Amino acid sequence: GFFQSYAVEVDIKDASNATCLYADWMMRFLITYESNNGDYKTTTLNLSSSVTHNGSVCGNDTQAALVAVQFGEGHSWSINITKTNETYQGDFITLTYNTNDTAVFPDAKRKGPVTVLVKDPLHPVQLNTVFVCHNSYFIEAENITQIFWNVTVQAFVQNGTVSKKETRCPADRPTSAPTVPPTIANVTTASTTTLSPAPTTAPKPVENPDTGNYSLKSGNKTCFLATVGLQLNVSQDKPLLININPKTTVADGACGNTTATLKLNDGNSTLIGF
């Protein structure tokens, strides 16, 4: 599914009212929890339209910077950012979700706040450089998948002005296209001097997806089996077809007494839950 999410913007000022830390991003969370009857359910926790950032701090040479946000019915998220002589880097990400929020966690067996700590996997960023990542990237830990996109962050801002120099995440960096011998179907001409128009060719149809075999175990017994070929058809400005490659797709999830959850992650920012 495609869920509505809200962007978060945090602009922290120092004692002289100059910006020392700026962050603007979107995120959501996929959380698997146990219900009262022993089933495991996967829910989506989105940011609400009202977000506070109490506790966020600038940081300095000896103290880590902190971006902390609070949202919804007792949920919060934070990341502390450390500084070296030439770079800054996210250290630990802390998510606290509140299963008393029955709209998000209906019939949750465990009540109250649950806190999960995970190491930020991203690489250091040069000081006086803003980190930008438009594409989605995922951080998985325990029973939670954190999803981030449209991220702009700069810690330890100098002179109160966010830098125009960017460091892009790996997902945003262009990849070299493989060398393919030109054919009528794939040749592209930037300019032409021919007087007659080039013949139009129909776009190459997307092939059927390969069939994958996915399974889950409960103890030493298999509790979930799926043999399926998967193709996503996303309707945006132009239809987008995505085949899920079973060779690069990892199955995860959990089985309960009456409900089983299968999560498929293809390693290319596509996550599907059944």
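Any Cβ shown, glycine's included, is placed from N, Cα and C.
Here is what TrEMBL records for this protein:
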DISULFID  Cys133-Cys169  disulfide bond
DOMAIN    209-271  domain 'Lysosome-associated membrane glycoprotein 2-like luminal'
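Per-class residue totals from DSSP over the domain 'Lysosome-associated membrane glycoprotein 2-like luminal' (209-271), listed helix then strand then coil: 0 helix, 40 strand, 23 coil. When Cβ atoms from all protein chains are considered, those within 10 Å of Cys133 (disulfide bond) total 21, not counting its own. The C-beta environment of Cys169 (disulfide bond), restricted to residues of the same chain at least 6 apart in sequence and closer than 8 Å, consists of Leu122, Phe131, Val132, Cys133, Asn135, Tyr137, Val151.
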